[in-house]
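Chemist: Found this in Swiss-Prot, in case it helps:
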type	residues	note
ACT_SITE	Glu91	active site, proton acceptor
DOMAIN	102-337	domain 'Radical SAM core'
DISULFID	Cys109-Cys342	disulfide bond
BINDING	Cys116, Cys120, Cys123	[4Fe-4S] cluster binding site
BINDING	Gly169, Glu170, Ser201, Ser223, Leu224, His225, Asn299	S-adenosyl-L-methionine binding site
ACT_SITE	Cys342	active site, S-methylcysteine intermediate
Amino acid sequence: MTDILNLTYEELEAFMTAELGEPRFRARQVWQWLWQKCARSFDEMTNVSKATRARLAEKAVITWPEVETVQKSADGTTKFLLRLADGALVETVLIPSASREGTLRITQCLSCQVGCAMGCTFCSTGTMGFERNMTMGEILGQVLVARAHLGDSRPDHPILRNLVFMGMGEPLLNLNEVMRSLRTLNDEFGLSFSPRRITVSTCGIEKGLRELGESGLAFLAVSLHAPNQEIRKRIMPKAAHWHLDDLITALESYPLKTRERVTFEYLLLGGVNDGIEHARELVRLVSRTKGKLNLIVYNPAEGDPYDAPTPERILAFEQYLWSKNITAIIRKSKGQDIKAACGQLKASELQRGTASAGADAPED
């Protein structure tokens, strides 16, 4: 059976004509039902004939991720633990904000892999190891779940406004499925997200970086987190295989649209990378590119190897960057009371499962 959410529009058109003998326009109808109207069954597609719906049901399925757990923070952040068809667990987070007019807007943080191979020492997902890549249908299934949860059914006035590939996994290590997802997101008859409302975040992987830039399908964010190669090797051991200086050199010629800048994500770890000496090194790096900085205050979970920086060090770090004409914004951590940082909810769920299994095990 073909999972129809894994098909690009061109693939769906070929499937409808070759497998079902339908005219090409039928693919457009099905496509709009899948992505604009969030249909979970072929029976919902009321402008498609019953005979065609029956043939679709014989040869294809529509597989959404199943919602395993939902947690809502006091600040409105909502985190989902989703179960995929093979039982794998991934996370997605909805982060609320308000427009200047006070209208609710939601940013969704998307996962693209089950687990992660990068092994970043500050990240809960990194401690889980890598299981597999997610398919396009699984990646975009997170968006469908979010829209259904929000009752977001008006493409002309969407509640879900922005998407960030900053969840579980490294996007450039699942480049093919991420690029397929971006094309479907950009499709005006599909999910219809402007590239300016999508950001792909990478640890700094050489392979695929240029292809992403030349596609023009999304903005780029780089999870920098280290002002020099020594710290990069310590806290981001896999990413450090591509030397920090080489990464910045590649970003100097990264294709950018008018008024577009690379966003550097910098996680402030207490006593590790949050000193003025680190800020000086960071200025030298970022000033080589057309970029801006998002400063993220570390949100430690129980048993984590790092501490949050002090408010004094955070302020001094930010002020130094501004004094050197580097745009730096402190990004407030949301959802701290529901383990909203990447991988924390899944890690908690796995620990609970292990504890339950141990409690139920027969005694020797």
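Heads up, the Cβ atoms here are built off N, Cα and C, so glycines get one too.
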Chemist: List the Cα distance (Å, whole number) between Leu224 (S-adenosyl-L-methionine binding site) and Cys120 ([4Fe-4S] cluster binding site).
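Modeler: So the Cα of Cys120 ([4Fe-4S] cluster binding site) lies 11 Å away from that of Leu224 (S-adenosyl-L-methionine binding site).
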Chemist: Compare the Cα of Cys120 ([4Fe-4S] cluster binding site) against each of the recorded positions Glu91, Cys109, Ser223 and report the nearest.
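Modeler: Comparing Cα positions, the candidate nearest Cys120 ([4Fe-4S] cluster binding site) turns out to be Ser223.
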Chemist: By CA-CA distance, flag whichever of Glu91, Cys116, Cys123, Asn299 among the recorded positions is nearest to Cys109 (disulfide bond).
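Modeler: Of all the candidates listed, Glu91 is nearest in space.
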Chemist: For the binding-site residues Ser201, Ser223, Asn299, work out the Cβ neighbour count at 10 Å and name the residue with the minimum.
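Modeler: Among the binding-site residues Ser201, Ser223, Asn299, the lowest count of other Cβ atoms within 10 Å belongs to Asn299.
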Chemist: Should any of the recorded positions Glu91, Cys116, Cys123 have a Cα within 10 Å of the Cα of Glu170 (S-adenosyl-L-methionine binding site), which are they?
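Modeler: Checking each Cα against Glu170 (S-adenosyl-L-methionine binding site), the hits are Cys116.
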Chemist: Can you tell me the CA-to-CA distance separating His225 (S-adenosyl-L-methionine binding site) and Cys123 ([4Fe-4S] cluster binding site), as a whole number of Å?
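Modeler: Between the Cα atoms of His225 (S-adenosyl-L-methionine binding site) and Cys123 ([4Fe-4S] cluster binding site), the distance comes to 12 Å.
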Chemist: Considering the recorded positions Cys109, Cys123, Leu224, which residue's Cβ sits among the greatest number of other Cβ atoms within 10 Å?
Modeler: Leu224
Chemist: Give the number of CB atoms, excluding that of Glu170 (S-adenosyl-L-methionine binding site) itself, located within 10 Å of its CB.
Modeler: 28
Chemist: So how many other Cβ atoms are close to His225 (S-adenosyl-L-methionine binding site), meaning within 10 Å of its Cβ?
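Modeler: There are 25 of them.
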Chemist: Specify the nearest of the recorded positions Glu91, Cys116, Cys123 to Gly169 (S-adenosyl-L-methionine binding site), where nearness means the distance between Cα atoms.
Modeler: Cys116
Chemist: Cα-Cα, whole number of Å: the residue listed as 'active site, proton acceptor' versus Ser223 (S-adenosyl-L-methionine binding site)?
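Modeler: About 19 Å separate the Cα atoms of these two residues.
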Chemist: Please classify the secondary structure at Cys116 ([4Fe-4S] cluster binding site) using three-state DSSP.
Modeler: coil
